[in-house]
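Below is one structure, written out as C-alpha coordinates; the observations come after it.
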Amino acid sequence: MIYSVKQYSAVTNGSDIFLRRSTRPTQVQRSLLFPSLQVQKTQRRLMSVQRALHLSGIGSLVGLLKPTRTSVNKCQAFEADRSQPIESNVDIANVDAKVEAAKKLKIGVYFAMWWALNVVFNIYNKKVLNAYPFPWLTSTLSLACGSLIMLVSWVTRIAEAPKVDMEFWKALFPVAVAHTIGHVAATVSMSKVAVSFTHIIKSGEPAFSVLVSRFLLGESFPISVYLSLLPIIGGCGLAALTELNFNMIGFMGAMISNLAFVFRNIFSKKGMKGKSVSGMNYYALLSIMSLLILIPFAIAVEGPQMWKAGFDTAFAQIGPNLIWWMAAQSVFYHLYNQVSYMSLDEISPLTFSIGNTMKRISVIVSSIIIFHTPVQPVNALGAAIAIFGTFLYSQVCPCKAVRSSGSRKFTCMQHKRREREEAEAEAVER
(Lines of atoms letter the chains of each structure in order from A and count residues from 1; the text may use other names and numbers.)
(Lines give C-alpha, C1' and ligand atoms only; values in the text may rest on other atoms or scores of the structure.)
Protein backbone atom coordinates (compact mmCIF):
# COMPACT_ATOMS: atom_id res chain seq x y z
CA MET A 1 0.00 0.00 0.00
CA ILE A 2 1.26 3.51 -0.88
CA TYR A 3 0.52 6.50 1.33
CA SER A 4 0.70 9.97 -0.13
CA VAL A 5 1.30 12.85 2.24
CA LYS A 6 0.54 16.27 0.84
CA GLN A 7 0.59 19.66 2.52
CA TYR A 8 0.27 22.80 0.49
CA SER A 9 1.92 25.96 1.64
CA ALA A 10 1.71 29.46 0.41
CA VAL A 11 5.50 29.53 0.10
CA THR A 12 7.35 26.88 -1.93
CA ASN A 13 11.10 27.13 -2.25
CA GLY A 14 11.91 23.88 -4.04
CA SER A 15 11.15 20.20 -4.30
CA ASP A 16 12.97 19.12 -1.18
CA ILE A 17 11.43 19.11 2.28
CA PHE A 18 12.74 21.76 4.63
CA LEU A 19 11.97 22.75 8.18
CA ARG A 20 11.65 26.21 9.59
CA ARG A 21 12.72 26.23 13.20
CA SER A 22 13.09 28.86 15.92
CA THR A 23 16.47 30.30 16.80
CA ARG A 24 16.57 28.51 20.14
CA PRO A 25 18.12 25.02 19.72
CA THR A 26 16.78 22.03 21.56
CA GLN A 27 18.24 18.73 22.69
CA VAL A 28 18.82 16.08 19.98
CA GLN A 29 17.29 12.65 20.53
CA ARG A 30 16.92 9.43 18.47
CA SER A 31 13.63 8.47 16.90
CA LEU A 32 12.17 5.09 17.70
CA LEU A 33 10.76 4.83 14.18
CA PHE A 34 13.88 5.90 12.32
CA PRO A 35 16.82 4.94 14.55
CA SER A 36 19.41 5.94 11.96
CA LEU A 37 18.12 9.52 11.71
CA GLN A 38 18.55 12.35 14.15
CA VAL A 39 15.69 14.77 14.62
CA GLN A 40 15.54 18.05 16.46
CA LYS A 41 12.65 19.34 18.45
CA THR A 42 11.49 22.64 17.20
CA GLN A 43 8.93 24.94 18.56
CA ARG A 44 7.44 25.45 15.14
CA ARG A 45 7.44 23.14 12.13
CA LEU A 46 6.47 24.20 8.66
CA MET A 47 6.60 21.63 5.90
CA SER A 48 6.58 22.94 2.35
CA VAL A 49 6.65 20.62 -0.63
CA GLN A 50 6.29 21.17 -4.34
CA ARG A 51 5.55 17.50 -5.12
CA ALA A 52 3.63 14.81 -3.32
CA LEU A 53 5.68 12.59 -1.04
CA HIS A 54 4.95 8.86 -1.33
CA LEU A 55 5.78 6.44 1.45
CA SER A 56 6.20 2.78 0.52
CA GLY A 57 7.04 -0.34 2.46
CA ILE A 58 5.01 0.50 5.56
CA GLY A 59 2.77 -2.32 6.65
CA SER A 60 0.07 -0.13 8.18
CA LEU A 61 -0.51 3.43 9.16
CA VAL A 62 -1.17 2.34 12.74
CA GLY A 63 2.33 0.91 12.94
CA LEU A 64 3.66 4.27 11.81
CA LEU A 65 1.82 6.16 14.50
CA LYS A 66 2.57 3.65 17.28
CA PRO A 67 6.07 2.25 16.78
CA THR A 68 7.47 -0.41 19.04
CA ARG A 69 11.01 -1.37 19.92
CA THR A 70 10.64 -4.89 18.56
CA SER A 71 9.39 -3.91 15.08
CA VAL A 72 11.22 -1.45 12.90
CA ASN A 73 9.55 -0.42 9.66
CA LYS A 74 11.61 0.54 6.64
CA CYS A 75 10.63 3.72 4.90
CA GLN A 76 11.39 4.47 1.30
CA ALA A 77 10.39 7.78 -0.20
CA PHE A 78 10.32 8.93 -3.81
CA GLU A 79 8.83 11.79 -5.72
CA ALA A 80 5.49 11.52 -7.46
CA ASP A 81 6.85 11.95 -10.97
CA ARG A 82 9.14 8.94 -10.40
CA SER A 83 6.41 6.59 -9.21
CA GLN A 84 5.11 3.69 -11.29
CA PRO A 85 1.44 2.66 -11.53
CA ILE A 86 0.54 -0.77 -10.27
CA GLU A 87 -2.06 -1.53 -12.93
CA SER A 88 -3.08 0.29 -16.05
CA ASN A 89 -5.23 -0.50 -19.04
CA VAL A 90 -2.61 1.17 -21.21
CA ASP A 91 0.00 -1.35 -20.06
CA ILE A 92 -2.32 -4.27 -20.82
CA ALA A 93 -2.97 -2.87 -24.29
CA ASN A 94 0.76 -2.47 -24.84
CA VAL A 95 1.38 -6.07 -23.80
CA ASP A 96 -1.34 -7.33 -26.15
CA ALA A 97 0.12 -5.26 -28.98
CA LYS A 98 3.59 -6.68 -28.35
CA VAL A 99 2.24 -10.24 -28.28
CA GLU A 100 0.38 -9.68 -31.54
CA ALA A 101 3.46 -8.13 -33.15
CA ALA A 102 5.60 -11.07 -32.02
CA LYS A 103 3.07 -13.52 -33.48
CA LYS A 104 3.05 -11.69 -36.82
CA LEU A 105 6.83 -11.69 -36.84
CA LYS A 106 6.88 -15.42 -36.14
CA ILE A 107 4.46 -16.11 -38.99
CA GLY A 108 6.51 -13.91 -41.30
CA VAL A 109 9.66 -15.83 -40.42
CA TYR A 110 7.86 -19.13 -41.07
CA PHE A 111 6.69 -17.94 -44.49
CA ALA A 112 10.13 -16.62 -45.48
CA MET A 113 11.80 -19.87 -44.42
CA TRP A 114 9.11 -21.93 -46.15
CA TRP A 115 9.55 -20.16 -49.50
CA ALA A 116 13.35 -19.99 -49.34
CA LEU A 117 13.78 -23.64 -48.36
CA ASN A 118 11.34 -24.75 -51.06
CA VAL A 119 13.22 -22.80 -53.73
CA VAL A 120 16.56 -24.28 -52.65
CA PHE A 121 15.10 -27.80 -52.58
CA ASN A 122 13.69 -27.52 -56.10
CA ILE A 123 17.00 -26.26 -57.43
CA TYR A 124 19.08 -29.08 -55.94
CA ASN A 125 16.40 -31.65 -56.73
CA LYS A 126 16.49 -30.69 -60.40
CA LYS A 127 20.30 -30.75 -60.43
CA VAL A 128 20.30 -34.29 -59.04
CA LEU A 129 17.61 -35.52 -61.44
CA ASN A 130 19.39 -34.04 -64.45
CA ALA A 131 22.59 -35.90 -63.58
CA TYR A 132 21.06 -38.96 -61.90
CA PRO A 133 17.57 -39.66 -63.33
CA PHE A 134 16.29 -42.08 -60.71
CA PRO A 135 13.25 -40.37 -59.12
CA TRP A 136 12.24 -43.36 -56.99
CA LEU A 137 15.60 -43.46 -55.22
CA THR A 138 15.70 -39.66 -54.97
CA SER A 139 12.28 -39.69 -53.29
CA THR A 140 13.41 -42.44 -50.92
CA LEU A 141 16.51 -40.48 -49.89
CA SER A 142 14.39 -37.39 -49.15
CA LEU A 143 12.11 -39.30 -46.78
CA ALA A 144 15.01 -41.24 -45.23
CA CYS A 145 16.92 -38.05 -44.44
CA GLY A 146 13.93 -36.44 -42.74
CA SER A 147 13.18 -39.56 -40.74
CA LEU A 148 16.80 -39.79 -39.56
CA ILE A 149 16.86 -36.13 -38.53
CA MET A 150 13.74 -36.50 -36.41
CA LEU A 151 14.85 -39.78 -34.82
CA VAL A 152 18.12 -38.16 -33.74
CA SER A 153 16.19 -35.15 -32.42
CA TRP A 154 13.97 -37.38 -30.31
CA VAL A 155 16.84 -39.47 -28.96
CA THR A 156 18.91 -36.42 -28.02
CA ARG A 157 15.78 -34.69 -26.63
CA ILE A 158 16.23 -31.71 -28.92
CA ALA A 159 12.56 -32.22 -29.79
CA GLU A 160 9.95 -33.85 -27.60
CA ALA A 161 9.05 -37.32 -28.85
CA PRO A 162 5.34 -37.78 -29.61
CA LYS A 163 3.21 -40.21 -27.63
CA VAL A 164 1.10 -42.19 -30.06
CA ASP A 165 -0.76 -45.47 -30.00
CA MET A 166 -1.79 -48.09 -32.55
CA GLU A 167 -4.96 -46.17 -33.40
CA PHE A 168 -2.83 -43.23 -34.45
CA TRP A 169 -0.77 -45.36 -36.83
CA LYS A 170 -3.93 -46.87 -38.31
CA ALA A 171 -5.32 -43.41 -38.98
CA LEU A 172 -1.98 -42.25 -40.40
CA PHE A 173 -1.59 -45.13 -42.86
CA PRO A 174 -3.94 -43.86 -45.64
CA VAL A 175 -2.45 -40.38 -45.23
CA ALA A 176 1.05 -41.84 -45.67
CA VAL A 177 0.02 -43.82 -48.77
CA ALA A 178 -1.37 -40.68 -50.44
CA HIS A 179 1.68 -38.68 -49.37
CA THR A 180 4.04 -41.28 -50.83
CA ILE A 181 2.23 -41.36 -54.19
CA GLY A 182 2.13 -37.57 -54.41
CA HIS A 183 5.81 -37.19 -53.49
CA VAL A 184 7.04 -39.80 -56.01
CA ALA A 185 4.77 -38.52 -58.79
CA ALA A 186 6.03 -34.95 -58.35
CA THR A 187 9.64 -36.16 -58.43
CA VAL A 188 8.99 -38.19 -61.59
CA SER A 189 7.46 -35.10 -63.17
CA MET A 190 10.49 -32.96 -62.34
CA SER A 191 12.79 -35.58 -63.84
CA LYS A 192 11.02 -35.25 -67.22
CA VAL A 193 10.05 -31.55 -67.50
CA ALA A 194 11.17 -28.17 -66.22
CA VAL A 195 10.58 -27.27 -62.58
CA SER A 196 8.48 -24.28 -63.62
CA PHE A 197 6.15 -26.46 -65.72
CA THR A 198 5.65 -28.96 -62.87
CA HIS A 199 4.67 -26.18 -60.48
CA ILE A 200 2.35 -24.56 -63.01
CA ILE A 201 0.45 -27.84 -63.29
CA LYS A 202 0.56 -28.34 -59.53
CA SER A 203 -1.06 -24.92 -59.06
CA GLY A 204 -4.21 -26.63 -60.35
CA GLU A 205 -4.51 -28.65 -57.13
CA PRO A 206 -7.52 -26.57 -55.92
CA ALA A 207 -9.51 -27.74 -58.94
CA PHE A 208 -8.85 -31.37 -58.01
CA SER A 209 -9.81 -30.62 -54.42
CA VAL A 210 -13.19 -29.17 -55.37
CA LEU A 211 -13.99 -31.89 -57.93
CA VAL A 212 -13.10 -34.74 -55.59
CA SER A 213 -15.04 -33.18 -52.71
CA ARG A 214 -18.04 -32.59 -54.96
CA PHE A 215 -18.33 -35.97 -56.70
CA LEU A 216 -16.83 -38.35 -54.13
CA LEU A 217 -17.70 -36.72 -50.81
CA GLY A 218 -21.00 -35.11 -51.74
CA GLU A 219 -19.96 -31.57 -50.79
CA SER A 220 -21.31 -28.52 -52.55
CA PHE A 221 -19.62 -25.12 -52.84
CA PRO A 222 -20.71 -21.56 -53.53
CA ILE A 223 -20.80 -20.49 -57.16
CA SER A 224 -17.78 -18.24 -56.56
CA VAL A 225 -15.63 -21.30 -55.86
CA TYR A 226 -16.58 -22.93 -59.16
CA LEU A 227 -15.96 -19.68 -61.05
CA SER A 228 -12.47 -19.42 -59.53
CA LEU A 229 -11.62 -22.81 -61.07
CA LEU A 230 -12.06 -21.51 -64.61
CA PRO A 231 -8.83 -19.43 -64.71
CA ILE A 232 -6.96 -22.24 -62.93
CA ILE A 233 -7.95 -24.88 -65.48
CA GLY A 234 -7.63 -22.51 -68.42
CA GLY A 235 -4.24 -21.18 -67.34
CA CYS A 236 -2.80 -24.64 -66.74
CA GLY A 237 -4.10 -25.84 -70.10
CA LEU A 238 -2.65 -22.83 -71.92
CA ALA A 239 0.72 -23.29 -70.24
CA ALA A 240 0.77 -27.00 -71.08
CA LEU A 241 -0.11 -26.48 -74.75
CA THR A 242 2.61 -23.85 -75.21
CA GLU A 243 5.31 -25.61 -73.16
CA LEU A 244 8.42 -26.07 -75.30
CA ASN A 245 9.67 -29.06 -73.29
CA PHE A 246 6.32 -30.80 -72.93
CA ASN A 247 6.49 -34.44 -71.87
CA MET A 248 3.46 -36.62 -71.22
CA ILE A 249 5.10 -38.51 -68.34
CA GLY A 250 6.04 -35.23 -66.68
CA PHE A 251 2.54 -33.83 -67.21
CA MET A 252 0.81 -36.94 -65.86
CA GLY A 253 3.18 -37.08 -62.88
CA ALA A 254 2.17 -33.55 -61.85
CA MET A 255 -1.52 -34.38 -62.31
CA ILE A 256 -1.24 -37.58 -60.23
CA SER A 257 0.62 -35.62 -57.56
CA ASN A 258 -2.25 -33.12 -57.37
CA LEU A 259 -4.83 -35.88 -56.99
CA ALA A 260 -2.77 -37.74 -54.37
CA PHE A 261 -2.23 -34.66 -52.23
CA VAL A 262 -5.96 -33.91 -52.33
CA PHE A 263 -6.67 -37.35 -50.90
CA ARG A 264 -3.88 -36.87 -48.38
CA ASN A 265 -5.60 -33.74 -47.08
CA ILE A 266 -8.98 -35.51 -46.98
CA PHE A 267 -7.61 -38.52 -45.09
CA SER A 268 -5.73 -36.23 -42.74
CA LYS A 269 -8.84 -34.24 -41.84
CA LYS A 270 -10.97 -37.35 -41.37
CA GLY A 271 -8.58 -39.74 -39.64
CA MET A 272 -6.34 -37.42 -37.67
CA LYS A 273 -9.09 -35.32 -36.11
CA GLY A 274 -8.65 -35.07 -32.35
CA LYS A 275 -5.10 -36.49 -32.40
CA SER A 276 -2.95 -34.24 -30.19
CA VAL A 277 0.33 -34.21 -32.14
CA SER A 278 2.24 -31.06 -33.07
CA GLY A 279 2.78 -30.16 -36.70
CA MET A 280 6.48 -30.95 -36.53
CA ASN A 281 6.02 -34.41 -35.03
CA TYR A 282 3.05 -35.14 -37.28
CA TYR A 283 5.11 -34.64 -40.41
CA ALA A 284 8.00 -36.62 -38.91
CA LEU A 285 5.76 -39.63 -38.26
CA LEU A 286 4.25 -39.22 -41.72
CA SER A 287 7.75 -39.30 -43.26
CA ILE A 288 8.70 -42.46 -41.35
CA MET A 289 5.61 -44.37 -42.46
CA SER A 290 5.91 -43.11 -46.04
CA LEU A 291 9.53 -44.29 -46.11
CA LEU A 292 8.53 -47.78 -45.02
CA ILE A 293 5.87 -47.88 -47.73
CA LEU A 294 8.16 -46.54 -50.47
CA ILE A 295 11.30 -48.69 -49.97
CA PRO A 296 9.96 -51.97 -51.44
CA PHE A 297 8.38 -50.21 -54.43
CA ALA A 298 11.57 -48.24 -55.16
CA ILE A 299 13.59 -51.46 -55.14
CA ALA A 300 11.08 -53.18 -57.41
CA VAL A 301 10.86 -50.33 -59.96
CA GLU A 302 14.53 -49.31 -60.18
CA GLY A 303 16.65 -51.63 -58.05
CA PRO A 304 20.20 -51.50 -56.64
CA GLN A 305 21.86 -52.53 -59.92
CA MET A 306 20.38 -49.59 -61.83
CA TRP A 307 21.21 -47.25 -58.97
CA LYS A 308 24.87 -48.33 -58.91
CA ALA A 309 25.34 -48.13 -62.68
CA GLY A 310 23.71 -44.71 -62.83
CA PHE A 311 25.73 -43.43 -59.87
CA ASP A 312 29.03 -44.52 -61.43
CA THR A 313 28.20 -42.71 -64.66
CA ALA A 314 27.02 -39.52 -62.93
CA PHE A 315 29.95 -39.47 -60.51
CA ALA A 316 32.41 -39.81 -63.39
CA GLN A 317 30.84 -36.76 -65.08
CA ILE A 318 30.20 -34.50 -62.08
CA GLY A 319 32.43 -35.81 -59.31
CA PRO A 320 31.84 -35.32 -55.56
CA ASN A 321 29.35 -32.52 -56.23
CA LEU A 322 26.75 -35.20 -56.95
CA ILE A 323 26.91 -36.41 -53.34
CA TRP A 324 26.55 -32.87 -51.99
CA TRP A 325 23.57 -32.22 -54.28
CA MET A 326 21.85 -35.40 -53.15
CA ALA A 327 22.42 -34.54 -49.49
CA ALA A 328 21.21 -30.97 -49.97
CA GLN A 329 18.01 -31.91 -51.77
CA SER A 330 17.21 -34.50 -49.07
CA VAL A 331 17.82 -32.11 -46.17
CA PHE A 332 15.99 -29.16 -47.71
CA TYR A 333 13.02 -31.31 -48.67
CA HIS A 334 12.49 -32.25 -45.05
CA LEU A 335 13.12 -28.73 -43.75
CA TYR A 336 10.68 -26.95 -46.05
CA ASN A 337 7.92 -29.47 -45.35
CA GLN A 338 8.67 -29.29 -41.64
CA VAL A 339 8.31 -25.51 -41.60
CA SER A 340 5.10 -25.65 -43.64
CA TYR A 341 3.50 -28.05 -41.16
CA MET A 342 4.72 -25.93 -38.24
CA SER A 343 3.16 -22.85 -39.81
CA LEU A 344 -0.21 -24.61 -39.90
CA ASP A 345 -0.21 -24.47 -36.09
CA GLU A 346 -0.05 -20.67 -36.22
CA ILE A 347 -2.24 -19.61 -39.16
CA SER A 348 -5.63 -20.28 -40.67
CA PRO A 349 -6.16 -22.51 -43.72
CA LEU A 350 -6.93 -19.42 -45.80
CA THR A 351 -3.59 -17.80 -44.95
CA PHE A 352 -1.81 -21.07 -45.65
CA SER A 353 -3.44 -21.30 -49.09
CA ILE A 354 -2.33 -17.78 -49.97
CA GLY A 355 1.18 -18.58 -48.77
CA ASN A 356 1.23 -21.72 -50.88
CA THR A 357 0.23 -19.69 -53.94
CA MET A 358 3.03 -17.20 -53.38
CA LYS A 359 5.44 -20.11 -52.90
CA ARG A 360 4.57 -21.39 -56.37
CA ILE A 361 5.37 -18.01 -57.86
CA SER A 362 8.76 -17.84 -56.14
CA VAL A 363 9.69 -21.36 -57.28
CA ILE A 364 8.59 -20.78 -60.89
CA VAL A 365 10.43 -17.48 -61.24
CA SER A 366 13.63 -18.65 -59.53
CA SER A 367 13.81 -21.89 -61.53
CA ILE A 368 13.35 -20.03 -64.83
CA ILE A 369 16.19 -17.67 -63.90
CA ILE A 370 18.61 -20.31 -62.60
CA PHE A 371 18.06 -23.00 -65.26
CA HIS A 372 17.52 -20.50 -68.11
CA THR A 373 14.25 -22.18 -69.03
CA PRO A 374 12.91 -20.84 -72.33
CA VAL A 375 9.47 -19.33 -71.84
CA GLN A 376 7.18 -18.06 -74.56
CA PRO A 377 4.92 -15.07 -73.86
CA VAL A 378 1.81 -17.25 -74.26
CA ASN A 379 3.27 -19.79 -71.83
CA ALA A 380 3.98 -17.06 -69.28
CA LEU A 381 0.44 -15.73 -69.71
CA GLY A 382 -1.01 -19.17 -69.03
CA ALA A 383 1.08 -19.51 -65.87
CA ALA A 384 0.00 -16.07 -64.68
CA ILE A 385 -3.68 -16.88 -65.27
CA ALA A 386 -3.38 -20.17 -63.38
CA ILE A 387 -1.64 -18.53 -60.43
CA PHE A 388 -4.22 -15.74 -60.37
CA GLY A 389 -7.01 -18.30 -60.36
CA THR A 390 -5.39 -20.09 -57.43
CA PHE A 391 -5.29 -16.78 -55.57
CA LEU A 392 -8.98 -16.17 -56.28
CA TYR A 393 -9.78 -19.66 -55.08
CA SER A 394 -8.04 -18.98 -51.76
CA GLN A 395 -9.99 -15.73 -51.39
CA VAL A 396 -13.44 -17.26 -51.87
CA CYS A 397 -12.52 -19.84 -49.20
CA PRO A 398 -13.38 -23.45 -50.02
CA CYS A 399 -14.03 -24.09 -46.32
CA LYS A 400 -17.55 -22.76 -46.96
CA ALA A 401 -18.49 -26.23 -48.11
CA VAL A 402 -21.91 -27.60 -47.22
CA ARG A 403 -22.34 -31.36 -46.94
CA SER A 404 -25.35 -33.02 -48.48
CA SER A 405 -26.45 -33.92 -44.96
CA GLY A 406 -27.40 -30.27 -44.49
CA SER A 407 -24.77 -28.99 -42.05
CA ARG A 408 -24.56 -25.24 -41.82
CA LYS A 409 -22.01 -23.08 -43.60
CA PHE A 410 -18.92 -21.80 -41.88
CA THR A 411 -15.93 -19.69 -42.83
CA CYS A 412 -12.30 -20.74 -42.54
CA MET A 413 -11.80 -19.13 -39.15
CA GLN A 414 -15.08 -20.58 -37.89
CA HIS A 415 -14.02 -23.98 -39.22
CA LYS A 416 -10.73 -23.79 -37.36
CA ARG A 417 -12.40 -22.58 -34.17
CA ARG A 418 -15.04 -25.30 -34.39
CA GLU A 419 -12.42 -28.04 -34.81
CA ARG A 420 -10.48 -26.66 -31.84
CA GLU A 421 -13.56 -26.61 -29.64
CA GLU A 422 -14.45 -30.19 -30.60
CA ALA A 423 -10.90 -31.34 -29.87
CA GLU A 424 -10.99 -29.64 -26.45
CA ALA A 425 -14.35 -31.24 -25.69
CA GLU A 426 -13.00 -34.67 -26.56
CA ALA A 427 -9.96 -34.06 -24.35
CA VAL A 428 -12.21 -33.12 -21.43
CA GLU A 429 -14.28 -36.28 -21.90
CA ARG A 430 -11.14 -38.40 -21.83
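Just so you know, glycine gets a Cβ as well, placed from its N, Cα and C.
The shown structure was predicted, so the numbers you read here are calculated from the model rather than taken from an experiment.
Copied over from TrEMBL, here are the features:
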- 105-394: domain 'Sugar phosphate transporter' (DOMAIN)
- 107-124: transmembrane segment (TRANSMEM)
- 136-156: transmembrane segment (TRANSMEM)
- 223-242: transmembrane segment (TRANSMEM)
- 248-267: transmembrane segment (TRANSMEM)
- 279-301: transmembrane segment (TRANSMEM)
- 313-336: transmembrane segment (TRANSMEM)
Counting only residues at least 6 beyond its ends, the same-chain positions whose CB falls under 8 A of a CB in the transmembrane segment (107-124) are 190, 195, 199, 325, 328-329, 332-333, 335-336, 339-340, 342-343, 346-347, 351, 355, 358-359, 362-363, 366-367, 370
The predicted model's mean pLDDT over the domain 'Sugar phosphate transporter' (105-394) is 88
Beyond a gap of at least 6 residues from its ends, the CB atoms lying under 8 Å from the transmembrane segment (136-156) belong to 125, 128-129, 183-184, 187, 191, 281, 283-284, 287-288, 290-291, 294-295, 297-298, 301-302, 307, 326-327, 329-331, 333-334, 337-338
Per the Cβ under 8 Å criterion, with at least 6 residues separating them from its ends, the transmembrane segment (223-242) contacts 197, 200-201, 203-204, 206-207, 210, 251, 376, 378-379, 381-390, 392-393, 395-396, 398, 400
